[in-house]
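In what follows, a single structure is set out as structure tokens and then discussed.
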Amino acid sequence: MRNLILVGPMGAGKSTIGRLLAKELRLPFKDSDKEIELRTGANIPWIFDKEGEPGFRDREQAMIAELCGTDGVVLATGGGAVMREANRRALHAGGRVVYLHASVEQQVGRTARDRNRPLLRTADPAKTLRDLLEIRDPLYREIADLVVETDERPPRMVVLDILERLQQLPPR
């Protein structure tokens, strides 16, 4: 396996599950958003404010291309990474892709206090999350080797489920 790549909406558990998977597999963990912040010295909301979403997405595309060009990492992507076709191609080619699915209700609960999510600076975050999931869900599924539900499941249980199901996948 080249890399293990986690996609899904914000609040699905990509970073939490990714860190646990990396530890279990003895691989480095990378979060594309955190890598962008490290490189730029700025947080994601600041980048959105100064460069707009297109500017952030350009940075994200470059980071995903770089990280998918490596071998042997567990990679958590930002929720909107799948919006660009170039990213979907890179992610699919970069390794096994696991779509961590979470209901809008779970996403709302998990992101309610997080001020680091520019797209949720709206009057109705639940509606925003619903709208985003409606657009992005087919794109996550398009590139996923596995779809794993995270609602009401402890992270450790999700990790064990992923590891077991990865072993059952045919080579590609």
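Cβ coordinates come from backbone N, Cα and C, glycine included.
Marked as ATP binding site by Swiss-Prot on the basis of sequence analysis: Gly11, Ala12, Gly13, Lys14, Ser15, Thr16, Arg117, Arg153. In this view, Gly13 (ATP binding site) is surrounded by 25 other Cβ atoms within 10 Å of its Cβ, with every protein chain counted.
Per Swiss-Prot, the feature Mg(2+) binding site maps to Ser15; the stated evidence is sequence analysis. Within its own chain, Ser15 (ATP binding site) has Asp31, Ala76 as residues 6 or more apart in sequence whose C-beta sits under 8 angstroms from its own.
Arg57 (substrate binding site) falls within a helix when secondary structure is assigned with DSSP. Summarising the annotation, Swiss-Prot assigns substrate binding site to Asp33, Arg57, Gly79, Arg136.
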Exercise. Where does Gly11 (ATP binding site) sit in DSSP terms: helix, strand, or coil?
Worked result: coil
Exercise. For Arg153 (ATP binding site), which of the binding-site residues Asp33, Arg57, Gly79, Arg136 has the nearest Cα in space?
Worked result: Gly79
Exercise. Which value in Å gives the longest Cα to Cα span across the substrate site residues Asp33, Arg57, Gly79, Arg136 as recorded?
Worked result: 18
Seminar exercise, completed: Cβ atoms other than its own within 10 Å of the Cβ of Asp33 (substrate binding site), all chains, total 23
